[in-house]
Structures are given as structure tokens and as C-alpha cells.
Amino acid sequence: MTRLLEVQGLAKSYGGVHAVRGVSFGLAAGEILALIGPNGAGKSTCFNMLNGQIRPDTGTIRLEGRDTTGMRPRAVWRLGVGRTFQITATFASMTVRENVQVALLSHAHQLSVFHRFAGRSHAGEAEALLDLVGMRADAERPCGELAYGDLKRLELAIALANRPKLLLMDEPTAGMAPKERVELMRLTAAIAREQRIGVLFTEHDMDVVFEHADRVMVLNRGQLIAEGSPEAVRRDAQVRAIYLGEGLVYDARHREGRAA
Amino acid sequence: MEFLVVQFLTGLASAASLFLVASGLSIIFGVTRIVNFAHGAFYMLGAYLAYTLTERLEGAFGFWGGLVLAGLAVAALGALLEIVLLRRIYRAPELFQLLATFGVTLMVQDLVVVIWGPEDLVGRRAPGLRGAVEVFGQMVPSYDLFLIALGPVVLGLLWLVFKRTRWGVLVRAATQDRDMVAALGVNQKWLFTSVFALGVFLAGLGGALQIPRDAVSHAMDLRVIVEVFVVVVIGGLGSVFGAFVAAIVVSELNAFGILVMPKISLVLVFLVMAAVLVVRPWGLFGKPEGPARQAPGVSIRPWRPFSPGERIAVAAGVALAALLPLVAGDYALTVGSEIIIFALFAASLHFLMTVGGLASFGHAAYFGLGAYGAAFAAKAAGLPMEAALLAGPLLGLAGAALFGWFCVRLSGVYFAMLTLAFAQITWSVAFQWVEVTGGDNGILGVWPSPWAAGPRGFYWLALAVSAAGIAALRVLVFSPFGYGLRATRDSVLRAEAIGIDRGRVQWTAFVIAGTFAGVAGALFAFLKGSVFPENLAIPTSVDGLVMVLLGGIETVSGAVVGALVYKALAIWLMSQTELSKLVLGAVIVVLVVAFPKGIVGSVEELRARRNRSEPNGAAFGAAKMEAAE
């Protein structure tokens, strides 16, 4: 059986720096996979290669068996990959509803239509998507005045507009209040499970990661160092070492302190 | 062979001055992120001041000292400009900075004529370098050899300054990360001022060095700024070495282009520039720019189509305008036709600039191409007016399709410079290709059909065509295509991530805008009965920009309102004062600094504020934040 996403030996270097090397993993439909790792581990580079923003040096990316390596973001999107950004990217001059409508128009190949008022097309569908993320009441508000947490939810609605098979979410809850974070990820998880969307997300908030992820991958210095169930990863000695340090300096100082 | 060597040396000599000006522009851009349009004006001031100083001061020291003094004086003026004007607009969108410095250029053009008079001035020759040196049996002016040596010397000096002095290190640091340098406790204000002064000094010196070679004239500013833009587009903005290499490339192309294609020598430069852009969009030695700070036209207030009430009001306005011939005289109707035609021109630029976020500084090219197209169709092909009005814009369309393909590969200031360069190339073709375009004499006798020959008939024709064109553009704004275009303006990242092909959408918008500008141009040709190169010159492009800005760059209807007000004012002003450029330049500067929202923008602001005095606290907070920025 071909899985939804198959990544083989992905690598990218900038100058002499290996941002990502030899990353391989798979993702099944409806599965929620977290990619964690310290800052600079290569998470965002990995993400940007998956949706085509960066071309990998080597390695292949297959979506439902189809090679998408080196495709442009817009082509990858057409194959059913939605994405949200670490720093939200939305259309500030439009209303919340119009933001979703543009994505819907694009999905329906209607952006080369030169007449007809676009503000009325796909309005129902747009509102249904906004309803899904709990933003229906804000449909007419200017996007430029939304709070950051709302922008994140709007991005999710936009990302869902092409009925994606795969959602890539780069730090979906960064910059949000704790309560909002939990809500947004619960929402995402519920949508993903219901519509059998595969979700790959990066996250720094471990509560979010361990509550929702089916599996967790840990990236450090461009390499995958652990992969498995949240429980297994939590117990992994190497992972602990990365996140909490080896304890060499700290313990040593304490011992010295006691000796003195 | 010998002749070619000499031609090569002449090219190298021209490169020196071009390099000085271009490197100054590059250094200023690197640190302040401002493309200083007034750089050509400073170059011109340097030449004029050097002329006066070398005439007054005696002897060899007088000459060389005069050149350096001229450069220093211009640098002081530059520092003054930076302190008084630029410090207020560092955070404004790029378009505003370009416009403000262009306003200064306009003012300087008139001031120079007031101070030094309209005639070309021929300066002294350099003492000690009056003669010529024999190279391969041909005579090469020794001053040229001096200039050839000067280029690398200046490059070396700049390198030393940037690598070996504390100030140079700060400048390089600021070029890479301004915020970090500020966070380190460096006084940014004076760093910026000093960098600006150095850049302007180079421009002034570049102008001063030209006086033994070339006559000093009040048109030399625009000529050089276009060449400089071409140089930095090829070499890469922010790179001094790139400016050096590209200045040589461009000067040699000019020197040999005259031999290969004497009539249209600039085409050669265009071809090279196009080739470089295809391979390296950021220039030979440039680095890709980060995402543009803020595209023009982004408004926090979402656009709406007209409400039924507003629609009735607009229809009533058009109907009133249609009734004007019943009361107005012939002169008023001719003026009215011109204003209406420019409303269409402004609306087409608005579509590209506000809706597409692509601030074109050369939109007049497509206006002019439309005009020439109509003139060719009427004169050469002998078509009647009706057919010529349809055929003319096709030339605008073709030009926009060709140039636009290159332009939309770039964004922000690069886009602005490239559109300007293309427009100037189009202008020079119209100017130089006398057999086809009539050159400076233009094409005369482009007369309308009998039914539209009178001021009244033509007024109705212009009104009908322009109103239909503006309405069509407005429909486009709110069509799915218009939304897609705005999407690429608001966030390229997000647009590409939802399947929008940015390049294709923006290119289509460019072609649409160029075609509508061509329609306006074709009408204009029949209004005047003639076509001249000035129809596609830079001032016409800037007129369009000012109209959009005056009306309100963040609004849908601003362009038309701005065009009506601006054109009426300009025509009135021309009849009142000799110094129309001075006044116009000042108006632009004031607009940018004090009135950036424009007429319609301000009206909308007032309306929104009144509505908000009711509930809705969140919206108010956001608007306040916006106002504070």
C-alpha cells in the first residue's frame, strides 16, 4: 500500500551547512504526525521542501505515490496539500470571508474570470469553512484587524479550502495564548480525523504535541534522531539529552558546590 | 581595428562618470533602502556648480579645486535634503520615496533654469589635459585617459573606506541589517545622513567631471538617471563593484551601439539588460531583495463595489458630464476631453499600481504606444478614426506584453526602475527613429472622423470611451481575476500556496493596464491631431502616478478623482506660471509627506470615523494603530 506521503533521503545544505540530511519518513491518511526539535534543527527547511518552496538537493517526496520533488508550491497545492505558515500569511486587504473565497476560486480554476462579482461566489462554502474553524461571526471583518490567534484560525480555513489530503502546519499555535492553542489543535485534530486528512505539524509546545500526535519525529541538526509513539519519544534518552542537556555542566557544578 | 580601440577607450572614459553616479545610488540604497530618484538632479547640479566655480576660480588649482568643491557643495545640499525630507519618509512605502525624490528632481529642473538660464553651457577644459595622446595612430583626448584611470582609483578608494574605516564597517553592517546596527547603539540618523552625503558627493563629482567633455544642460538629469538605473539593474543594487562592471558594459554598449545601429543604439543596451534579467533577476552582483516592505495600495479597509445609491450618484455624474457641451464653450470642451482621457490613463495605472501593487514609473510608454499606434493606423495604413482607435491600443498591448514579461519578474524598486528604463528606451526609439516616427517633429494630421471633428463630438466620444474603459477596469477589480491579483499583492507567499501563479497573474494585469493606457493614448492622438515623443516621456508617467496618489492610493475610485483634480489644476497652473515644474514638484513632495492618503482616502477616513463613533471598539483600535504607523 502506498502511504499518503513518503519522504526518502531528503537533504538540503546552504553553503557548508547541512540544514537537513537524510530525512526519511512516511505519513498515512488521517494520521497526525508531529515534527519536533530544537531551534535550527531544520524543521522549517523540511516543511518548505515538502510544499515546494525550497528545492531539495537530493531525496524524493511522493504524494500518493506521485513524485512531487521540485514542484512549485502552487503545483503541490493542486495535488491536495494545504499549508499554514509559522508567521501567518493572509490577504490583509480583504475581509475574512474573501480570504477563503480567493482560495476557493483558485481551487475551482476560476481566477481567470474577468467579469462577475467575486464577492458573491462560493460564499456559502466559505462560510461553512469559517464555521468549521469557529470564525463565522467574523466573516465580514477586515482581515487586517484580526488578532493573531484569529489569523491562525483563518489560515486553517484557507488551507482547508482545496479539500486537502495533507495539511502542513508550521508551528500552528506559535504566538497564541495557551487556551487558544489547545482549542486550535483540538479543532485541527477533529477535522483531520473526520476528513481523513494527514497532518504534519511542527510545534514547540509539548502539551500540544503529546496530546494530539499519533506519532512524533525528532529532528536535530538536520537529522531524524528518534521516531515513534509520543510515549516512546518522551522516554528516549537522546531526545531528553537534546531538550534538557546532557547534564554535564549542571551536575558538575552542583557536585563542585557540594564539595566546597 | 585602431578605430575600434579608440571607440573602446571613449566608452571606458564615459564609464567613469557613470560609475561614480551609479555607485553613489547603490551605496545610498544599500543603507537607507531608498532609491534616490534625485540622484540625476544632484549630478546635474554638480555639473552646473562646477561650471560656475571653474569659471570664477583661477588656474589649475581653480579648475580641479572647483570640481571637488562642486562635489562637496552638492553633498551638503544632499545632506540637507536627507535631514529635511527623507528622514520623514524612511518608513513610508517605496513608491512614496521614489515620488518624493522625483518631486525634488522636478523642482531642481526649474531652479537650474532660473539660476543658470536655459542655454547649454560649455565649460573650461582641464588644465594640463587639453591635448590628445596618440594611440594606434588615432588621437585620444588626454582627459579621457585621465577618466579611464579615475574609475578604478575611485573603486579602490571606496573599497578602502568600506574595509578599513570604522565608518565603512558600520555602513556595511547597516547594509546587511539596519535594525541590528541600531540595536548596537549606533546613531542611525547620522549614519544615514553621512551615507547619503557620500552618495550624493559621488553624483555631484560625476557631474562635475563631465564639464570638459560635454555641454552642461538642464536635461542631463533624466538622461543620466535612466542610464544609472540600467546600470544598477544590470550590476545589482547595493553592489559598488556591480556598478563598476555594469557602468563599463553600458558605456561600451553605447559606444559600439552607435556603430552597429546608429538610429536605435539604446536597443542594444535593452537587449543586454533583458538577457541579464532573465538569467539573474537581481543583477550580476546583486542579492535577491527580501519581500517588499509594503506594496502600495494595501488598505486595512476592505474594498466594496458601489452600493445602489452610489451607483445612481455615479451615473448622475456621468450624465451631467455628458450635458456639459450644452453649456460649455469649445476651449472648455477640449480641456474637458483631455481631462477625461487622463482619467482613463490614471485608472489603468491604478489597476496596475493599487490593485496589483506594481508601481510602474513608465506607464506613459503604453499611453504613447497607443497614440503612435493610432497615428500609424490613421496615417500609414490610412484607416478611418474608428478603426485606428481600435488598432492603436494594440501597439500598447504589444509593448506591455513584451516589457511586462520582464518587469513582473521583479518587484518593488527594481520593478519601478525597470519600467522607467523601458519607457525611456521606448521614448528614445520614438525620438531617434525619424523615418518612422518623425522624431522630434512627431506625426501630424491625425484627424478624427467628421462626426467627431468638432470639440463637442469629440468630447462625447472621449467621455463614452473613457467611461466604458473605467467601468470595465472597475468590473475587473471586483472580478475573480481582480481578487487573485490583489492576493498576489497582499501576500505572494500565501498566493503561491493556494495555487495562484503570481507571474502569470501580474503579467496579465500589466498587459491589461497597458492596453487601457493605449486606448487613452489613441484618443489623445486624435484629440491633439498629432503625436510627439513627449507623450511617452517620463513626465507623463509621473503625471499618472501623481493622479493616483492625489486621489488616494488605497482606494478604488481615487485614480479618477485624482486625475480630474490634478489635470484641471495642471492646465490652470501652466497658464499661470512659467515655473510649473517647480510648483508641481513641491506639490508632490507635500502630498507624500503631509497628505499620503489622498482625496478619496481622506474622505473615506472621515466617513469611517463617523460610523465608528457608534459601537465597534475593535475596529477603532485597529484604525488608530494604522494611523499611528
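The backbone N, Cα and C atoms fix where each Cβ goes, glycine too.
Where the annotation comes from TrEMBL, it is an automatic prediction and has not been curated.
What TrEMBL lists as transmembrane segment is B:34-51, B:98-117, B:145-162, B:190-212, B:224-249, B:256-279, B:340-367, B:387-406, B:413-434, B:458-485, B:505-527, B:547-570 (among others).
Proximity of the transmembrane segment (B:145-162) to the transmembrane segment (B:224-249) is established through 3 or more Cβ-Cβ distances under 8 Å for residue pairs spaced 6 or more apart. Residues 34-41, 44-45, 48, 51-52, 81, 85-86, 89, 216, 218, 221-222, 225, 359, 361, 413, 416, 542, 545-546, 549, 579-582, 584-589, 591-593 of the same chain sit 6 or more residues outside the transmembrane segment (B:98-117) yet have a Cβ under 8 Å from a Cβ within it. For the transmembrane segment (B:505-527), the partner stretch with the highest count of Cβ pairs under 8 angstroms, out of B:256-279, B:340-367, B:547-570, is B:340-367. Same-chain neighbours of the transmembrane segment (B:256-279): 4, 7-8, 11, 230, 233-234, 249-250, 406, 409-410, 418, 421-422, 425, 428-429, 432-435, counting only residues six or more beyond its ends whose CB sits under 8 Å from a CB of the stretch. By the Cβ criterion (distance under 8 Å, sequence gap of 6 or more), the transmembrane segment (B:413-434) is not counted as touching the transmembrane segment (B:190-212), fewer than 3 such pairs being found. Highest Cβ contact count with the transmembrane segment (B:224-249) among the listed stretches B:34-51, B:190-212, B:387-406, B:458-485, B:547-570 falls to B:34-51 (criterion: pairs under 8 Å). The transmembrane segment (B:547-570) and the transmembrane segment (B:340-367) are in contact, since at least 3 Cβ pairs between them lie under 8 Å (pairs 6 or more apart in sequence). For the transmembrane segment (B:458-485), the neighbouring stretch richest in Cβ pairs under 8 Å, chosen from B:34-51, B:190-212, B:340-367, is B:340-367.
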